[in-house]
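For reference, the structure is listed below as structure tokens.
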Amino acid sequence: MANFPASLLILNGKSADNQPLREAITLLRDEGIQIHVRVTWEKGDAQRYVDEARRLGVETVIAGGGDGTINEVSTALILIRDGVAPALGLLPLGTANDFATSAGIPEALDKALKLAIAGNAMEIDMARVNDKTCFINMATGGFGTRITTETPEKLKAALGGVSYLIHGLMRMDTLTPDRCEIRGENFHWQGDALVIGIGNGRQAGGGQQLCPTALINDGLLQLRIFTGEELLPALFSTLTQSDDNPNIIDGASAWFDIHAPHEITFNLDGEPLSGQEFHIEVLPGALRCRLPPDCPLLR
């Protein structure tokens, strides 16, 4: 590789003993690439390491982990107000890696690492909920959220993204729809929602394409609602009739307001947020991310 400015890798602590990653970093260092590595231990570490990255003058901060790690690092980057923030690099090491997968990030660690360091930095959108909590990939509510948050860690570690589906099938008889009202630009719907997906990215829950037309640089959020009063019949219909399915409601808007008569929970890139009122808005061009030239999430 040619000479590139230094990067700082923020590595999820669960991947600290990843031997192939150590070898990939060593090879790049042998080529003269400067890579600082910091390992997270607790919440807030990503913010501290992003602050350190600025002091070191690196041009790229690489998020090494799953969607939650990418969320923490990207949120810390968009909070930078003075000067130019480092670009975000993606190194998928989590259970599902939904955002990185849909963005076309290579699965091979060495290729992903090279892209994170040397890829073109593109401006992409993020989203913010209730003027506070951000997500880069997707906010999911209803059946999918409860499954994602309740799936045991050991099952996720053993089976990866498939674990969400297995745990969901085990819990189907106890899950009911969420009644809510959703408004957006030229959009209004109310009823019983089995699953709600509001996507900057396209997939969640270990590869489920909830918002298949979403783009990360169009200034819009994509909405998909899976409706129905009875879970099993509605889910069967959704899986077998994807075109013109009455159980699927789609929308697109720069913002969505959600009201529920009871508390519901949204999963924001793995981080649960509960309440009855949600204002979700897009943040156009919020950060720069190093992506492949043929990234399917770019218009």
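Glycine residues also receive a Cβ, built from the backbone N, Cα and C atoms like all the rest.
Small disclaimer: the values here were computed from a predicted structure and weren't measured.
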From T26, T40, the one annotated by Swiss-Prot with G66, D67, G68, T69, I70, N71, E72, T95 for ATP: T40
Inter-residue Cα distance where the pair is E271 (active site, proton acceptor) and N71 (ATP binding site), in Å: 9
Neighbourhood of E271 (active site, proton acceptor) by C-beta distance under 8 A, where only residues 6 or more apart in the same chain count: G68, N71, T133, F135
Per DSSP, three-state class assigned to D67 (ATP binding site): helix
Per-region confidence, the domain 'DAGKc' (2-133) (mean pLDDT, whole number): 95
Candidate binding-site residues D67, T69, T95, pick with smallest Cα gap to L215 (Mg(2+) binding site): D67
